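Below is one structure; the comments refer to it alone.
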Amino acid sequence: MPVNTIEWVDGQVKIIDQSKLPERLEYIYCKDVESLREAICSLKVRGAPALGIAGAFGVVLAMQNFAAESYSDFEKELTRVVEYLGSSRPTAVNLFWSLRRMLSCARKNKDKDIDEIKEALKNEAFQIMEEDRSCNRMIGKEGSRLIEDGDAILTHCNAGALATADYGTALGIIYTAKQEGKRIKVWVDETRPLLQGARLTSWELMQEGIEVTLICDNMAGELMRQGRIDKVLVGADRVTANGDVANKIGTYSLAVLARENKVPFYVACPLSTIDLSLSCGEEIPIEERDASEIVEGLGKRIAPRGIKVYNPAFDITPARYVTAIVTERGICRPPYEESLRKVKG
Ligand code: MRU
C-alpha cells in the first residue's frame, strides 16, 4: 500500500487524518500524548492493530521529555500515561496489549539509566510496529488459501492498510490473493454510522486497483440471497477464548445472514487481538460513542433534535457463526477453545 498510516518522525507521531478521507489525504503530527489520545478518540487513527501501535508511540511521546529523579518516579508517571491512553477506547484489546508490553519493557530495564529506559521504550514501540507488518504478511499468505479464483467477497468496516502498519488483515488477504493471480471482486458496505467502509475501504481498494462495489449496510442480505457473495471476510477488535468476535457494529448481522445463506464467514486478526483472559464475548467492554455520530452523520443533521440515541461502536458475533479465524500462525477452526489456545502457544 502506498500509505503510511502511522509513523514516528523526529520525536513526533505522524498519522493520516482518517477523518478527512477520502476527499483529502492529510497527515497530522502529534507532538504530545494529549493530541495523540485525541486522535484516537476522534478516530483520526483507528483499527485495532493501529491503535496498539499508536498506544506504544503515545507512551514514547509522553515519556521522552519526562525528567525523572529515580526509576520509581519514572514508573509512576509511565503508569499514569498507560492508564490515560487506555481510557481512550475500550474494545480493541491490541491497545491494552501494547500498553502492557511498554510497561513490562520499562520494568525489565529498571536498573538502567533513565535515558536508556527511554531508548528501550522507543525500540519496543518500533518492534510492535515491525511485528504488525510481518503479521499482516503472514495473515495474508495464510488467508489467501481460503480464497478461490473468481470469488466475490463482502467486507465490513476497514481492516486494511489504514488499520495497521502494513497492508491489513482482512484486506491483506484480498491483496495477497490478487497478487497470486486470483480474480477477486469485493463488495464493501458503508458501515454506518461513521462510514469506514464507504470512506476508507472503498478508497483503499480503489488505490490498489481491486474491483470494488459499495453497497448500503442493509443490502447485504439480499445480495447473499441472490448468490452474489461467496465469502464474508472481516477483521476483529477482540476475540475471546471461546472464539466470540467483537468487531464493528453490523458484523453480527452479516454473520447471521451468512449462516442463513450458507456463505462462509471468516475473521482475520493477529494473535494480539486474541484475548484468552476473557472466556466469552459477553465479557468484552463495548465502546458507546456520542449520539452526534448518528443524528449529525458527518456534519449533516439527519434526525430531530432531542431524539434518544443508542450508539454502540461494536457488536459480538458468537463463535458458532464463525467459519474460521485466520492468524499469523495459521487458520483456526472450531472448537476455538482448542485451536486458539494452540496458536497463542
Ligand atoms: O471504530 P474503528 O474504525 O476503530 O473499528 C475498526 C474495526 O472494527 C476493524 O474491523 C477492526 O479494528 C479490525 S482492523 C484490522
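Here the Cβ of each residue, glycine as well, is placed from N, Cα and C on the backbone.
Site annotation (TrEMBL): substrate is bound by ARG46, GLY47, ALA48, GLN196, ASN247, LYS248, and the candidate from ARG89, ARG100, ARG145 recorded at this site is ARG89.
In this structure the C-alpha atoms belonging to ASN247 (substrate binding site) and ASP237 (active site, proton donor) are separated by 5 Å. Comparing ALA48 (substrate binding site) with CYS157 (site 'Transition state stabilizer'), their Cα atoms are 12 Å apart once rounded.
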